[in-house]
Amino acid sequence: MRIATFNINGVKARMETVLGWLDEAAPDVALLQEIKSVDEAFPRGPFEDRGYNVETHGQKGFNGVAILSKLPLEDVVRGLPGDDGDDQARWIEATVVGDRAVRLCCLYLPNGNPAPGPKYDYKLAWMERLAARARDLLAAEEPAIMAGDYNVIPQDEDAARPEAWKDDALARPETRAAFRRIVNLGFTEAFRTRIRGSGHYSFWDYQAGAWNRNDGIRIDHMLLTPQAADLLADARIESEIRGGEKPSDHVPVWITLDA
DNA sequence: ATGTCTATAGGGTATAGA
């Protein structure tokens, strides 16, 4: 089973790019972030025409997540538990059953800038709620993945210019510590099981020719429970698409599971 | 060089968010 996570930066503005990508790369599952669409306006038809089941959790204007799957999606849950007052659409999860059942969690973690401030407080609080959901997933002792745009640069090696991000909400020590607390509960960060070292990014700003200068950061991640990590066959970043027509500022991150 | 892009409101061109 080949699973990709992809922050597409607006589904309606990105249809040609995303459909071309699906036709070429043909993931079994695509976890999408920043659909920037309410559920009723999500253009399901072209995805369904390509054989994908579609589950969305959107809101007006920004944020929004979706799961596309060639296999049926079961037990869909929308919203990260832990704060009934949080109306931002940043979490959707569902189970897909191939050779094995895999719980898929698609997340769009808050950016948190400017930091410090209320947006950063929201980011850290959201990460605490994520940790709680993560503990429950581990307790289930089943294959599960939490994948998406974490808006976290885990280490200096994950940025072309780490000094430029030192005080940013994506790289501050509190952010990195909160991310490590989740990973250290017992998750495997898929990409780093396959590729070590600097120079591997998943986001390049639209501004200042960041792509052409390879001035990127690695902020899109896939965290696997031990039972999912047992099934991990490959992990990679598909960076080439960033140089294509009308690209998102993020690129897809992939895993292959023996499931 | 804070240099770009998307969505919204509203009906031109501003603002927010990233």
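Quick reminder: no glycine exception, Cβ is built from N, Cα and C everywhere.
Since the structure is predicted, the reported quantities are computational estimates derived from the model, not experimental observations.
Among the candidates A:ASN7, A:ASN53, the residue that TrEMBL names alongside A:GLU34, A:ASP149, A:ASN151, A:ASP249, A:HIS250 for the Mg(2+) site is A:ASN7.
Within the same chain, the residues at least 6 positions away from A:HIS250 (active site, proton acceptor) whose Cβ sits under 8 Å from its Cβ are A:PHE6, A:ASN7, A:ILE8, A:ASN9, A:GLN33, A:ASP149, A:SER202, A:PHE203, A:ILE219, A:ASP220, listed in sequence order.
Predicted-model confidence for the domain 'Endonuclease/exonuclease/phosphatase' (A:4-250) is 96, expressed as mean pLDDT. Neighbour counts of Cβ atoms within 10 Å were taken for the recorded positions A:GLU34, A:ASP149, A:ASP220, A:ASP249; the minimum is at A:ASP249. Listed in sequence order, the residues of the same chain lying 6 or more apart from A:ASN151 (Mg(2+) binding site) and placing their CB within less than 8 Å of its CB are A:LEU109, A:PRO110, A:ASN111, A:GLY112, A:LYS123, A:ALA169, A:LEU170, A:ILE219.
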